[in-house]
Amino acid sequence: MKIKNFIYFLIYFIFLFKVINGQNKTCKISVLLSGDKSDLGYNYMMNEARVLAESQLHMYPFSIYYEHLEESTLEAEHAIQDSVDKGANLIVVSSVIHFSLGVKYATKYKDEPIYWIIRGSKLVPTLPKVVILNFNSFELHYLLGYYAGLATKTGVVGFVSPGIGINTLSCDNSFYIGAKYARSNITFLDIHTGSWYNPEVSYKAAQKLIENGADVIGMSQDDMSVQKAIMDSGGLGLGVTGYPGHYQFGSDVAYSYLTNWTNLFITYANHVINDDWPAFDSFFTNLSRKDAIFMDDFSFRVPIDIQTKTKIELENLMNTSYAPYKSDPILESIGLQFSGNWINDTQFRANTKILPSYGDSTVDYPESLKIGVTVVSGFCIFLCLISMIIVIKFKEAKVIKSSSPIFCLLILFGCIVIFVGCIMFARSPTDGSCRSRVWLLSLGYTIFLGNLMVKNWRIWLLFDNPKLKKRAITNWKLYPWVSGIVIIDIVILSIWQALGDIVAESRTGIDSLTKYEYRNVCASSDQGSIALYLLLVFHGLILLVACFISFKIKVVDIEEFNESKPITTSVYIITFCLFIVIPIMVSSPTVTTQTTIICICALITTMLSIILLFGTKFFKMITVGLELGQTFVTSTKSSSHSQRTKSSKSSNGSGPKINGFGGNVLNLDDDSDEISSEKEKKKPIESNPKDHMAVFTSDEETSKASKFSSEQFSREQINDNIILENNNDNEEKQKDEEEIKEEKLLVSEIQAKRLSLEQNGQTEIDSNDV
């Protein structure tokens, strides 16, 4: 019996303790506001809920609030920490821009008796003391857009929003779809302010839309500044902040949605007091629930027929299965995918693209920049096309043939791509142009420098050949190298595009613009910037290799093949401009200046390179002549020739000196009989050890020539033209002279084939131990 009484007493004591403890437990609310508490908008309604909840629950100590927290993340962090220090145990993070910050501090104090209401769109499964606050703002903007489509007299409606980086564009698109449902031929203008709360900028943004014909304007700003602009112009405003606009503006506000967060605050404050907080909860509301969001009455200035049609659409929205703002097929045009009858909710909320047929009131690049770059680039493209025609028409000319016509055409094609990229750089930025202009410039320079580098790499290999090894380096053997360089460039560009999130976005406060002016600029993520720097390193390596090859071909003693000077000059100019462009990209000056310098550098480097590489060749064709089918003569002694001469002397001992080709031409083209005069045919062919000779033939002869050995190459032709100075009857001396003559033929043939048939890429050097 005593034990039973003791148990009853214990239970009673625990109950009494809990009751007393519950009566002593209090709730202290702290509200974080993004803007001004008196903005007569979203922040006003949130602060009003705090005041009413405090009054109805007789809260003591009093609740607290912090405002203007959008201006500084540090201020927002200080506000949360200060709330904790002052004993707040229900902290309301009212703005979606502070969602991550709220989660951070909720995680930090998850073991403390502190509860959170955070505005956001997704639950946090690791934080049971956090309630996510959200409401369907898309249906509200759709309904107001529907009214706007009915009410507009100009057929033009507008929308003002913070823009990408602050919020998605789903509200903008919902307003537009609503207007389109009411009036199919609607014109939609959209403008971004870069902030939830900046009354001065918002007012001027609305004025710009009005100047472009908009007479009804929606918005997702936290204050009524946009609607003030439309009312000041004589139009009817919309209540788009949750505040009853007619309280202040009377009948000038045509239609409004209203919010009341008092019940939300009271409900969760009671959970704190009663210690029965619902873990992992969320508070999502919409028009159909009628617990926090409502539609206000129409102004008497709104025609009855418009009121009636809008009310019918409101009744349709009460059915949650009706959601045209995320089921219209036009949403597929911006890459959103349907999941059943609707767009996937996650994609819809995260969308950052505006629907087609919209306008932006922005400050564009100067027309002088656009026209100047376009005209100069167009002229340069014309010169490149003319140069390509000349190369094709006179590909048999000595100076063109020595430069590999096919690679000359590829180099000119790369230059054309660069000039097209310059034109794209001077255009108004869009998502497509932001990507394409970098692709065009990068691929253009890769094609230009890659072909130039590979073409001269072949020259280096052929002339840096002291042992006269047989080397057949055709164009088909060079194409994979060029393709490999281009593929590397494409891979880096693909990584940049995949990771960079490259988009065109509107920005304020740049290029010395006033706070009322906006400009579209290209933007990318940090990963995109890293890939872009990797691309610059890749092009820097190409320039270094090109410099190295141009240095190595300085030893080439045939003028037509030695392009070291123009290549070195071109590479120097490009490198110099690159060292100008990189600091500009890092320091980020005004966008207009940046674009201008990049275009000028690209135009100058490319045009000067064309003049250096092709202008000199065309000038020589005019002054010297085409020299069709002629061989290439040098009057300098190369290192490989010196070694061959020494080898010849050591094998011949003190034998007679070999007289060779001199400056005469050995022409193996199809038209050799027509080009060479009879006198030249009968002239003995002499060989001078100081001279080298090269010959180019047609494509057919290229394939045929490779089948013959050097001994069959021109033995009969040379034997018929050699005049022996001494004809000794002594059989032994005659035998020695025959051996010397044979040695002479071998040396001459090797020299004659020092360079071979490059028109079709066939290059062959026969190796004979002379």
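Note: Cβ is positioned from N, Cα and C throughout, glycine not excepted.
Look at the topological domains in Swiss-Prot: Glu396 and Gln594 end up on opposite sides of the membrane.
Checked against Swiss-Prot, the range among 623-668, 715-760 recorded as coiled coil is 715-760. A Cβ distance under 8 Å defines the sequence-distant neighbours of the topological domain 'Extracellular' (427-442), meaning residues of its chain 6+ beyond its ends; these are 353, 364-365, 370, 417-418, 420-421, 489, 492-493, 496-497, 502-504, 520-523, 532, 535, 539, 602. Geometry remark: Asn260 (N-linked glycosylation site) versus Asn344 (N-linked glycosylation site), CA distance 29 Å. Sequence-distant neighbours of Asn286 (N-linked glycosylation site) (same chain, six or more apart, CB under 8 Å from its CB) are Phe135, Asn136, Glu139, Ile293, Thr320, listed in sequence order. Per-residue confidence over the topological domain 'Cytoplasmic' (550-565) averages 64 (mean pLDDT, predicted model). Secondary structure of the topological domain 'Extracellular' (427-442), assigned with DSSP and counted as helix (H, G, I), strand (E, B) and coil, comes to 12 helix, 0 strand, 4 coil. Residue counts for the topological domain 'Cytoplasmic' (392-405) by DSSP state, with H, G and I taken as helix and E and B as strand, are 7 helix, 0 strand, 7 coil.
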